[in-house]
Amino acid sequence: MTTYTPMMQQYLQVKEDYKDAFLFFRLGDFYEMFFEDAINASQILEITLTSRDAGAKERIPMCGVPHHSAKNYIETLVQKGYKVAICEQTEDPKQAKGVVKREVVQLITPGTIMEGKTLEGKSNHFIGAAEQLDDTTFGYAYLDLSTGEAVASSIEGDGKALLMQMQAYGIRELIVTDSLQLLLAEHAANAAIVLSVEADEMTMDKAASYVEAVPPALQISCLRLLAYIDKTQMRSLSHIQAFTFNEMKHYLRIDSSSKRNLELIQSIRGGDQKGTLLWLLDDTVTAMGGRKLKQWLHQPLATRSAIESRLAIVTDLLEEYFVRTELQTALKQVYDLERLAGRVAFGNVGGRDLAQLRDSLRQVPAIQQQLMGAGKETLQQIGVALDTCTDVVELLAKAITDNPPITIKEGDVIRDGYHGRLDELRYAARNGKDWIAQLEQEERLKTGIKNLKIGYNRIFGYYIEITKSNIHLADLTRYERKQTLANAERYITQELKEKEALILNAEEESLALEYNLFVEIRDALKEFIPRVQALAASISELDVLLSFASISEKYRFTKPQFHNGRALEIIEGRHPVVEKMLNKQMYVPNDCVLEEQNNMMLITGPNMSGKSTYMRQVALIVVMAQMGCYVPAEKAKLPITDQIFTRIGAADDLAAGQSTFMVEMLESQHAIMHATKNSLMLFDEIGRGTSTYDGMSLAQSMMEYIHDKIGANTLFSTHYHELTALEKDLPRLQNVHVAATEKNGMVVFLHKVKKGAADKSYGIHVAQLAQLPEEILARARVLLENFEAGNEVVAEAQKIAEPPLQMSLFTEEEPMAPAEAEVLKKLEKVNILGTSPMQAMNILYELQQELLNMKK
């Protein structure tokens with residue numbers, strides 16, 4: 001059995017409890033790692049791998065990082081999905097008997113990191129927990145440790161839908177049970193979410209106040225999340241707020257796939273924010289406001305009174321230009337109050353953080369004054385509700401210097417005059433050299449020795465040096481010999497000894513006292529955290545509403561009107577993002593009118609004509625309106641929409657083994673199963689991923705089902721011109737087309753939506769724009785003429801047909817067996833649109849087994 005040194009035994013004992021984390025083991029000024037941790041960390045962090053003697057026959061692998069720069073290394077590991085356990089020395093090495101006591105003081109995980117570049121200002125950093133409630137429902141909770149925000153909700157769907165929802169919210173780490181981890185594991189990597197297992201739950205006696213507003217079924221996720229936070233952070237976190245319950249009926253629900261298709265927060269192309277609705281709407285000037293805007297985008301409102309309340313504030317801000325500009329000027333001076341409050345509670349706040357808190361709170365009276373003086377009741381109500389936190393400002397103004405350093409260890413954080421003893425120590429430390437110089441001059445005058453000097457070294461401290469030729473001039477009764485040199489003697493006096501102790505200890509004692517005073521101030525601030533958080537919430541909402549007002553003015557947006565019916569009327573509507581991207585080019589506006597008895601629209605027209613843009617435009621106007629923002633239209637009279645479903649331009653989900661057509665069918669199934677008459681449904685070219693007749697049949701049957709069974713406001717684009725005939729059979733269906741024309745043999749897209757069906761597809765013209773070879777285009781024109789002449793078969797090939805590359809699987813002459821015909825009948829009876837993906841797979845498996853058994 002290998003015998004290690006006591007220190008290494010201590011390391012191994014600690015490591016046993018943190019097997020899934022890198023253990024940063026404090027040794028002096030370094031955090032050291034050993035064994036596998038050292039090997040792996042040296043590769044990931046690109047630091048030198050060395051070794052050390054640990055009492056065994058062979059040296060063990062070791063690497064380390066300086067404690068003062070450890071944050072950067074920790075952040076790198078956490079960003080890559082690893083966990084880091086911080087093991088500190090918990091006693092003074094000078095007082096230790098044997099091995100210095102050490103213990104883990106924090107476990108930093110992907111969801112709990114509290115500082116560094118990972119915490120991007122305008123984005124939340126959420127950690128979540130989920131629990132499977134039944135076969136189709138998951139309860140979940142999430143919180144941002146850096147701000148204290150905490151939310152609980154639920155979602156219907158499978159494990160992939162849950163993870164897509166978590167990914168949409170930006171959740172970095174999801175706490176699950178062992179069984180749920182198995183269910184989610186295959187999708188977690190694609191979603192870039194770390195799954196962490198936690199079996200324990202915080203007891204209700206500790207957590208009751210956190211979950212009062214949460215339904216009992218969802219509380220288990222909250223309790224498990226709190227237990228994990230408590231276990232990893234190992235400190236009181238007074239800034240974590242009570243969980244709010246997001247009851248879905250109060251919000252416009254948009255599934256993660258539709259959010260992606262509409263490019264609300266991330267663009268489909270680059271995955272960044274440019275070209276998204278968030279990019280357009282974000283004129284916020286605070287980090288808090290940026291995060292709040294993103295939250296509102298994720299969950300627009302679905303309660304008319306709440307929407308109209310926001311719109312009323314935006315209207316008043318638009319009418320008060322000078323108030324608006326003064327408010328934004330003041331808000332630009334406000335730092336991230338939510339995260340500053342979080343750092344106070346967490347205990348990692350610095351002097352500069354407290355200065356930022358003080359300077360931010362100093363802006364609140366000016367903000368309040370502007371709101372109260374605006375002459376608008378809505379703005380005055382906001383102003384009255386603001387807490388200026390005067391007592392916090394007074395404490396920080398009295399205690400903290402104007403420009404403190406980043407870390408408390410550098411000193412000069414506490415203001416002079418705040419504490420008498422600290423002032424004395426600082427005076428001694430700052431003026432020690434002056435006192436020494438003055439004493440030296442006094443001793444020269446007393447003794448008459450012109451070359452008498454006072455010096456200092458680390459061994460003997462301060463001393464008075466007199467050359468041997470002048471010793472007879474000194475009053476040796478006042479001097480005590482300290483050191484003898486070849487040509488001089490060194491002495492000390494009682495006064496010098498006392499001053500030496502004061503000078504040498506003053507700086508060290510000053511820093512220690514300053515740190516203790518800083519901790520007292522930090523702890524005193526904890527009782528103000530709820531007030532600062534409430535203020536931050538008000539300021540963040542004001543920032544977003546100011547952003548809505550400035551954007552609405554800049555882009556000539558219009559105030560939407562809401563009613564309790566289902567009709568949707570948008571006059572001269574525009575796609576806000578496309579319009580901005582076009583810069584000075586003219587954007588062609590379009591109407592969209594869906595009446596109560598005519599609320600399905602079938603859109604035809606050539607590729608590149610703007611069908612998809614038109615459909616997205618309608619959805620974005622609904623989203624913006626229900627966020628409480630003005631919209632890009634001359635007029636918008638809208639119903640309250642409960643859900644938006646989109647099937648527009650999905651990319652192949654190859655990683656999940658799903659083709660474009662399969663994704664199309666799954667998303668269509670989800671929409672049809674969950675939509676209500678109050679929903680908005682957008683379908684772009686359904687059925688294009690399969691054969692013409694299959695696709696056309698699916699598209700028609702879906703339109704009929706939505707028309708007859710659901711009744712939702714629906715936009716349905718297609719290349720199947722045959723479907724336009726359905727206008728005669730479906731009373732609520734109207735045909736429209738995106739106009740195009742020919743000029744000099746070239747297609748010109750007018751981007752104008754007009755009533756009626758398109759009379760031409762212009763597919764070959766689009767191919768010409770793409771500069772396909774003329775030989776191909778010419779042949780296509782010939783084939784098109786044949787098809788349009790009514791030929792039912794493919795035009796005769798110009799070359800002799802080659803034998804098929806693949807033999808047919810079936811011969812037409814072979815009759816179908818009765819048992820096979822029975823399987824076909826069963827297949828025909830399956831309601832595909834009313835079947836979940838898992839049920840469909842089971843049915844398919846059963847039918848396949850029946851066919852295979854026939855051949856045995």
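Just so you know, glycine gets a Cβ as well, placed from its N, Cα and C.
According to Swiss-Prot, the ATP binding site annotation covers Gly605, Pro606, Asn607, Met608, Ser609, Gly610, Lys611, Ser612, on the basis of sequence analysis. Its own atom aside, the Cβ of Lys611 (ATP binding site) has 26 Cβ atoms within 10 angstroms in the protein chains shown.
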With Cβ-Cβ distance below 8 Å and at least 6 positions apart along the chain, what are the contacts of Gly605 (ATP binding site)? List them in sequence order. Lys611, Ser717, His737, Val738, Ala739, Ala740, Ala758
DSSP secondary structure for Gly610 (ATP binding site), reduced to helix/strand/coil, please. coil
Identify which of the binding-site residues Asn607, Ser609, Ser612 has its Cβ surrounded by the largest number of other Cβ atoms within 10 Å, counting every protein chain shown. Ser609
Starting from each candidate's C-beta and looking 10 angstroms out, tell me which of the binding-site residues Pro606, Gly610 has the most other C-beta atoms. Gly610
How would DSSP class Gly605 (ATP binding site) in three states? coil
